[in-house]
Amino acid sequence: MAWQGTLPLRLLAADYGADITYGEEIIDHKFIKCERRVNEYLGTTDFVEKGSESVVFRTCPEERNRVVFQIGTSDAIRALKAAQLVWKDIAAIDVNMGCPKSFSISGGMGAALLSKPETIHDILTTLKRNLDIPVTCKIRLLKTCPDTVELAKRIEKTGVSALAVHGRRVPDRPRDPAKWNEIADVVAALSIPVIANGDVFDYEDIQRIKEATGATSVMVARGALWNVSVFSSHGKLPWEDVKREYVRKSILWDNDVKSTKHTLKEMIMHHSCLELPEGKAVIKSESLADISRLYGEEEYFQFVHKTRILLNGNR
Ligand SMILES: Cc1cc2nc3c(=O)[nH]c(=O)nc-3n(C[C@H](O)[C@H](O)[C@H](O)COP(=O)(O)O)c2cc1C
């Protein structure tokens, strides 16, 4: 998820039981301007925008076998160029064909691809031919169910390893119920694994959507953002506890403070209110040091920094 699907939330999701985690969608134009750097200080592999020092994608060996790098693209060659930078550090690459946002559509990316089967074919076969890792893609429902099934079959023929289906159409709002029955039609028509997505908010919903659709795998988005312990078979933990764990992981992996703030804001908006003092303080925070003070984690913040200096020398 954009802004939120960075390393701390992915690792936390895995701690709670997620088998596979997706990075936020990264646009190929941006990614091809990055260089790969091994960050020995943190124990991560960073993809850093040349000239700006901004970390566009951070991963670590711990998630190497389960992280899916999601790309936004409208062009096979550019997508391949971007994928070639990162494929050795990830488990799979996914092409986002479901994003309805105007920046995606106007760039011919995301849901704009749904009406361009030739471009889809070009992108997926190019990635598939040239990479030694699984290639997948994520779509939304088309106007009619037969249209969705036809497109899904064309996608299957490109040789992708799995297809994620978000059970909403492009104009649908997040509050509109996801159409699990239309995902079921795609599952019935394909032989490759279909990943069902939409309206999974509790651990029990995972089984419900599997039974309703016949899908082998399930993708959770907002449910994970609001309480990432949704993946735990023991039931959800209190969100305040999960939030604290998330803050600690953000500190540990030196997450971009903007990403940490976005994620905390989403949690607070869902469980509480941004207008209350906590929400206002998160909005005002400018650094992870501010966030650690806000959540009473200064000692942990200091400990992490001192330990890094001890292990790596004072850089
Ligand atoms: C804040 C936010 C960011 C998202 N970013 C992405 C993204 O980067 N890539 C993507 O494929 N979908 C993205 N989505 C869509 C979700 O992956 C998912 O398809 C949608 O929210 C439906 O699933 P849900 O009902 O479990 O939330 C995002 C959704 C939200 C709420």
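Quick reminder: no glycine exception, Cβ is built from N, Cα and C everywhere.
Keep in mind that this is a model prediction, so the values were computed, not measured.
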LYS138, HIS166, ALA221, ARG222 bind FMN per TrEMBL; candidate in GLN70, GLN302 listed for that same site:
GLN70
Neighbouring C-beta atoms (10 Å sphere around the C-beta of ALA221 (FMN binding site)):
17
Please name which of the binding-site residues listed here, GLN70, LYS138, ALA221, is nearest in space to CYS99 (active site, proton donor), Cα against Cα.
LYS138
Once the chains shown are all counted, how many other Cβ atoms turn up within 10 Å of the Cβ of LYS138 (FMN binding site)?
23
Per the record, FMN is bound by GLN70, LYS138, HIS166, ALA221, ARG222: how many Å separate the farthest pair of Cα atoms?
17
Measure the Cβ-based neighbour count of ARG222 (FMN binding site), defined as the other Cβ atoms within 10 Å of its Cβ.
17
Average pLDDT across the domain 'DUS-like FMN-binding' (25-247)?
97
